[in-house]
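Structure first, then comments.
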Amino acid sequence: MRTEMTPLVLSYQEADDILEHLVDNFFNEVPSDDDLYVPSLYELYDLDVESAGEDNNEQAVNEFFPESLILAASEGLFLPEPPVLSPVCEPIGGECMPQLHPEDMDLLCYEMGFPCSDSEDEQDENGMAHVSASAAAAAADREREEFQLDHPELPGHNCKSCEHHRNSTGNTDLMCSLCYLRAYNMFIYSPVSDNEPEPNSTLDGDERPSPPKLGSAVPEGVIKPVPQRVTGRRRCAVESILDLIQEEEREQTVPVDLSVKRPRCN
């Protein structure tokens, strides 16, 4: 069964009495302006926290910031639940923050590394480097002595390099690079000639100074340019009408009728 709700109608006097009752019983302790005062930074600068006398609020402040909260902040730990601020307050969620204790940690590295470099170690390193360089030089000299490049008179015959490549590939017509260049005249080997003098850049092929010197006399064989006067007048294609008549008379015997227009040639 559904019951309809009727609105409550109060008179002005009844509403005033209810509001006065609420103010007298619930809002009678209104904090003053002095209770809401926040000290400034300049007032906190000279605050003496190391007072000689006993502080009545010392225990309350220590309970407000427990040591576990300070350690958690310094270690960067995330606290999902708010800590217990005072013995009166109960933890929210039914879980308490674990008690943290300071602990000394050893952050030294005890891994064995290379020994410190002293005079004896430097001498040993220098000796090993000298021995390695001597062995490499001896191996290079031995390879240079064992390898002899043949230079036969006829390229490709009685050449050890050619025989090596032929035996390794099975191609009897194969030649080494030096014999190939000599056989097909890719390069011409000749004794080193004397240094040739550098050409004189101030003379041309005819032993004349380059560039030529300017003078008043004109050299022989030079074509002089003919000056032409430039005008804006149009030139006629023919000198007179008789030139056109003479050209057409060569192709036809009938005189040209100049009173009519000439037909276009397709």
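Cβ coordinates are placed from backbone N, Cα and C, and glycine is handled just like the others.
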Range among 117-137, 138-158, 159-179, 243-263 that Swiss-Prot annotates as zinc finger: 159-179
Contact set, same chain, for the motif 'PXLXP motif, interaction with host ZMYND11' (98-102): CB under 8 Å, 6 or more residues outside the stretch: 67-68, 71-72, 75, 77
Residue counts (helix, strand, coil, in that order) that DSSP gives for the motif 'LXCXE motif, interaction with host RB1 and TMEM173/STING' (107-111): 0 helix, 0 strand, 5 coil
